[in-house]
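Presented below is the structure to which this report refers.
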Amino acid sequence: MIGVFDSGIGGLTLLHEIIRQLPNEQYCYYADTENVPYSTKSEEQIKEFVERAVNYFLQRNVKAIVLACNTATNVCVEDLRSRLNIPIIAIQPAVKVAVDNDTVEFNSQRKNILVCATPITLRSARFQRLVDSLNADGIVERMALPELVKLAEKEEFGKEAELYIEQTLAQIDIKSFGSIVLGCTHFTYFEPIFYQLAPQLSIFDGNEGTARHLKNILGKLNLLAQKGEKPFSVEYIESGKPTKNLARFERYIARIEQLT
């Protein structure tokens, strides 16, 4: 079994991609819906919330844990990897993909990259190290969109979300950018709105790369489930307890499938 953790329903966008690449596995999706959004919490609180989820996964004897929450990744991933003897796969903003795309699409004349994420992610040392490693500090602009997490959790994907994104993008010269990086798994739900407001830009998230990394790591460790070995399954857990609202998860999954 593979454990996938998120502060709420954002990680379902990553889970969908993981299942596409690894269709023979069994999954446990843990949404910490009692404490979402993490963007308003302190780092100590986030560490406590993540520790509860990790302990739950360990009790379930998972073979790997996926942090589908960029905020949790920035606060907790190094500590978890230093203590646990199972793979900890962590999503991060797809800045490298955007930089590589700039090089190809614009003939090495790099255009600016807009990274949209939560405040904790954008101000973290981990994110800065990522930008520095790509020599991209001069072309990466950060934009915090904390309200998108709340809107996603409310299943508000219409006018309210469109107005919020439109007003935020209006604060910058969007024509100077070549791409947008959605640095929070919640933000993927709003991809159609970003395309509508900035159709000339390429849009990237970290889901495909994270799923591919998980597949590679499990393959190297000979931990990949083989076809027919066990029946495919997904369990949905909310803050340590089986969900009582499966229909809600199914609505989000249906929206994700419309995006692909």
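Glycine too: its Cβ is placed from the backbone N, Cα and C atoms.
These come from TrEMBL:
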type: ACT_SITE; residues: CYS69; note: active site, proton donor/acceptor
type: ACT_SITE; residues: CYS184; note: active site, proton donor/acceptor
type: BINDING; residues: ASP6, SER7, TYR38, SER39, ASN70, THR71, THR185, HIS186; note: substrate binding site
Most crowded position, judged by CB atoms within 10 A, among ASN70, THR185 as binding-site residues:
ASN70
Would you say which of the binding-site residues SER7, SER39, THR71 has the most Cβ atoms within 10 Å of its own Cβ?
SER7
Return the count of C-beta atoms lying within 10 angstroms of the C-beta of CYS184 (active site, proton donor/acceptor), excluding that atom itself.
33
Determine the C-alpha span of the substrate site listed in the record, that is the greatest distance between any two of ASP6, SER7, TYR38, SER39, ASN70, THR71, THR185, HIS186, in Å to the nearest whole number.
13
Could you state the whole-number distance in Å separating the C-alpha atoms of SER39 (substrate binding site) and CYS69 (active site, proton donor/acceptor)?
11
Euclidean distance between Cα atoms of CYS69 (active site, proton donor/acceptor) and ASP6 (substrate binding site), Å:
5
Measure from the Cβ of TYR38 (substrate binding site) and count the other Cβ atoms within 10 Å, all protein chains considered.
27
Quick one: what's DSSP say for ASP6 (substrate binding site), helix, strand or coil?
strand
For the recorded positions ASP6, CYS69, HIS186, which one has its C-beta crowded by the most other C-beta atoms within 10 angstroms?
CYS69
Whole-number Å distance between the CA of CYS69 (active site, proton donor/acceptor) and the CA of SER7 (substrate binding site)?
6
Assigned conformation of CYS184 (active site, proton donor/acceptor) - DSSP reduced to three states:
coil
Under DSSP, is CYS69 (active site, proton donor/acceptor) part of a helix or a strand, or is it coil?
coil
Taking the centroid of the Cβ atoms of ASP6, SER7, TYR38, SER39, ASN70, THR71, THR185, HIS186 (substrate site), which other same-chain residues have Cβ within 8 Å of it?
GLY8, GLY10, GLY11, VAL36, PRO37, ALA68, CYS69, ALA72, THR118, VAL149, CYS184
Fill in the CA-CA distance, CYS184 (active site, proton donor/acceptor) to TYR38 (substrate binding site), as an integer in Å.
11
